Amino acid sequence: MSSVIFLGTPNFGSVVLQGLIDQGYDVKAVVTQPDKRVGRKQVVHQSAVKQTALKHNLPVYQPAKLSGSDELAELMKIEPDFIVTAAYGQFLPTKFLKSAKIAPVNVHGSLLPKYRGGAPIQYSVLNGDKETGVTIMEMVKKMDAGDIFSQKALPIEDDDTSGTLFDKLSILGRDLLLETLPKFIDGTVTRTPQNEDKVVFSPNISKEQEQIKLTMTAEQANNLIRALNPDPGAYVMLDGKRFKIWKAKPLAEKTSFPAGTLVTNKKKFVISMAGGSELELLEVQPTGKKKMNIKDYLNGQGSHFTSGEKIIDE
């Protein structure tokens, strides 16, 4: 079976790696981001890809920066048939990409050339797209700009979040990769250059983008909430404190209240957004609290507000 160096970090990558292992590919090395200390107790956290690699006794490399590292020198000696990446999180040196005997291949979570960059799945939800997908593409020096070998589309459901799409697309990407790699061997692989006129970028989500603005309609706010679930979460400033909203629902009803006003907190919690649109909150997280459904919130702090009160700060 063909030899592979695999590079990836989150669960999206581990699903793809597991697929290569299950299919019998000879995984010579796994490269992932360094372990991180997380939480107040600074517990060491290994990436999902590292955990999968260790489970199968595969050699793991974790350079803080691959370019110029000792690890790169070792990896260059392997000269695998394929270099495969799936959500690795670093630029790869061109000389390393060229060390693959057959091809350096990336599993990308969008229908390229739409959403080049580090957050393609989040932007597909944020922009209210009805469809996303995966692309198997050649890795080149320029970010996500290589020729396309194969693509497969996936509908985005109204209740999809970035989290649910990560799970769906990791499976779709795994399966499409495993369909595509044999085509290199039998000579049937096709390559399609990307249309540069249709390129859309999806840079990593900034801290500023995490806040729900009162200039947003209920639908736009809901798209942001879904896009930032499960991480890092979208928030409003409620009573001067950060208030995360994990799940919400735009309503058909309209209100005359200005944006940021409580419409009702009787049995449900509805706030006004731009254009008189209404957003019903379903799962929330006040500062210093755990996530809770809206019923629990209304039984406590949420009962203290009154309809018509401006509760969301700019």
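The backbone N, Cα and C atoms fix where each Cβ goes, and this holds for glycine too.
According to Swiss-Prot:
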- SER110, LEU111, LEU112, PRO113: (6S)-5,6,7,8-tetrahydrofolate binding site (BINDING)
Cβ within 8 Å of the (6S)-5,6,7,8-tetrahydrofolate site's Cβ centroid: which residues qualify beyond SER110, LEU111, LEU112, PRO113?
-> HIS108, LYS114, TYR115, ARG116, PRO120, GLY133, THR135, ASP144, ILE148, GLN151, GLN194, VAL200
Far apart in sequence but close in space: which same-chain residues, 6 or more away, have a Cβ under 8 Å from PRO113 ((6S)-5,6,7,8-tetrahydrofolate binding site)?
-> GLN194, ASN195, GLU196, LYS198, VAL199, VAL200
If you count the other CB atoms within 10 A of the CB of LEU111 ((6S)-5,6,7,8-tetrahydrofolate binding site), including all protein chains displayed, you should get 20
Counting every protein chain present, what is the number of Cβ atoms, excluding its own, within 10 Å of the Cβ of SER110 ((6S)-5,6,7,8-tetrahydrofolate binding site)?
-> 24
Just counting, how many other CB atoms are there within 10 A of the CB of LEU112 ((6S)-5,6,7,8-tetrahydrofolate binding site)?
-> 27
